[in-house]
Amino acid sequence: QTKHMLLTDHGARLFAQVMGIPETPGEKLITERSRDRWKKNLEPDSNPEEFQKDLGTVGAVAIDSEGNVACATSTGGLSNKLVGRVGDTACIGSGGYADNHSGATSTTGHGESIMKVVLARLILYHMEQGMSPEMAADTALDYMKTRVGGLGGVIVVNNSGEWAARFSTKQMSWATVKDDQLHYGIYAGERHTKPVDEALASEMRDS
């Protein structure tokens, strides 16, 4: 609706109001669990990084029947950050990137490291040079680790439907559906496969 790519803070709020987007009061976004975690982080002997372990990114990449690709990334956030800090998720080319000519990727990990190497765009650059999604992801993650000491994970799909889920962290939960098969895993080298119908039936029974 505008010529701009990104709006933040007060400007984003005003624009959302003009567009008629419903607003949720800030206090409704604060849970008791989060408040308790914040208080513990303020204690002199606290370790804020320890409390980050149960937070995480939710990302997605997709390709449709016409070859259009898309990415989406939602951050788990960073506790006790400086006021005004913006992480990689909102930065195009860092937290995610999509281009019909090459593919789409969504990233997770240490936001500042991801931004320093523009990780999502770097992966697509390697794919544009002929690398497979898996090789492009590994090459970019290795570069981030070597260049800035950052760890992370990515999911990638190219414009012909090849995909990869790769990470330099200890684990990353991932899943994908292709040709009616569900593939999923958590740890390095782990990959389970089952028919989508079977997985959905199991989910229905559990719920």
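Note: Cβ is positioned from N, Cα and C throughout, glycine not excepted.
Long-range C-beta contacts of THR57 (active site, nucleophile), restricted to its own chain and to partners at least six residues apart, with a cutoff below 8 Å, comprise THR73, SER74, THR75, GLY76, THR89, SER106, THR107, THR108, GLY109. According to TrEMBL, the active site, nucleophile annotation covers THR57.
Per TrEMBL, substrate binding site is recorded for ARG85, VAL86, GLY87, ASP88, THR108, GLY109, HIS110, GLY111. Using a 10 Å radius centred on the Cβ of GLY109 (substrate binding site) and all shown protein chains, the other Cβ atoms total 22.
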**Prompt:** List, in sequence order, the same-chain residues at least six positions removed whose CB sits under 8 Å from that of GLY111 (substrate binding site)?
**Reply:** THR75, LEU78, GLY87, ASP88, THR89, SER94, GLY95
**Prompt:** Other than its own, how many Cβ atoms are within 10 Å of the Cβ belonging to ASP88 (substrate binding site)?
**Reply:** 26
**Message:** So if I draw a 10 Å sphere around the Cβ of HIS110 (substrate binding site), how many other Cβ atoms end up inside it?
**Reply:** 19
**Request:** For each of the binding-site residues (ARG85, VAL86, GLY87, THR108), count the other CB atoms lying within 10 A of its CB, then report the residue with the highest count.
**Result:** THR108
